[in-house]
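Annotation comment: TrEMBL describes 53-200 as domain 'HhH-GPD'. If you look up TrEMBL, you'll see Cys202, Cys209, Cys212, Cys218 marked as [4Fe-4S] cluster binding site.
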Amino acid sequence: MTRTPTGRPAGARRRMTLKEAERFITLLAEAHPNAESELDFVDDYTLLVAVALSAQATDASVNRATKGLFRDAPTPAAMVALGEEAVGTHIRTIGLWRTKARNVVALSQALLDRHGGQVPHDRAALEALPGVGRKTANVVMNVAFGDSTMAVDTHIFRIGNRTGLAPGKTPRAVEDQLVARIPAPMLRPAHHWLILHGRYVCKARRPECWRCPATEPCQYTGKVLIAP
Ligand code: SF4
């Protein structure tokens, strides 16, 4: 556990004000002007599958697995025809691959049965698909349909709490705070700015505050301002 010089556990000094929250997001936006998803996909369907596979896995590992998977099965019908066992051989390097192989085939069948093989632009319909939870639905709605949703992954949950941007005990609580506190026009891209910031700068074990663009509004008491 990181501690402050007084020996206290490091954490957010307080919740950011709305002005500070806007400043924080603006500084991340300037640092990542071309931010977008790091998952490889070619359409709404391959996006949905890639996001469903990415739970507890890195985007790089998912991209390695989906290269062959999407070549063999680029559509829901082709995925169902490929079958669970063959899907499993493609994604065996990803965590929870057995469950994910079953879900990918089942969600493909559900898309054919309920939505004419299309990815629905509807939260409830997305969350009713096998293996699709709120986070996956939020990413698909954000990236595929341009909705102002906020998918809270491990990086965004950490940043929300560590910096005081959006403190909350659960991913849903952090999501609600972010949606309420980030100016509406910035909300959709903010998802990508926050993920990239958490992945490459505000890292889990030791945030690299010495090269962070947003130290000023950040309320973290354990900032590491000198590079080791
Ligand atoms: S890297 Fe450091 S200064 Fe930047 S947001 Fe994270 S904790 Fe705050």
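In case you wondered, yes, glycine gets a Cβ from its N, Cα and C as well.
Feature map: TrEMBL annotations on the structure.
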| residue | record | Cβ neighbours (10 Å) |
| --- | --- | --- |
| Cys202 | [4Fe-4S] cluster binding site | 23 |
| Cys209 | [4Fe-4S] cluster binding site | 18 |
| Cys212 | [4Fe-4S] cluster binding site | 21 |
| Cys218 | [4Fe-4S] cluster binding site | 24 |
DSSP-derived class (H/G/I helix, E/B strand, else coil) of Cys212 ([4Fe-4S] cluster binding site): coil
The domain 'HhH-GPD' (53-200) [mean pLDDT, rounded to integer]: 96
Any further residue of that chain within 8 Å (Cβ to the Cβ centroid of Cys202, Cys209, Cys212, Cys218) of the recorded [4Fe-4S] cluster site: Thr163, His197, Val201, Pro207, Glu208, Ala214, Thr215, Tyr220, Lys223
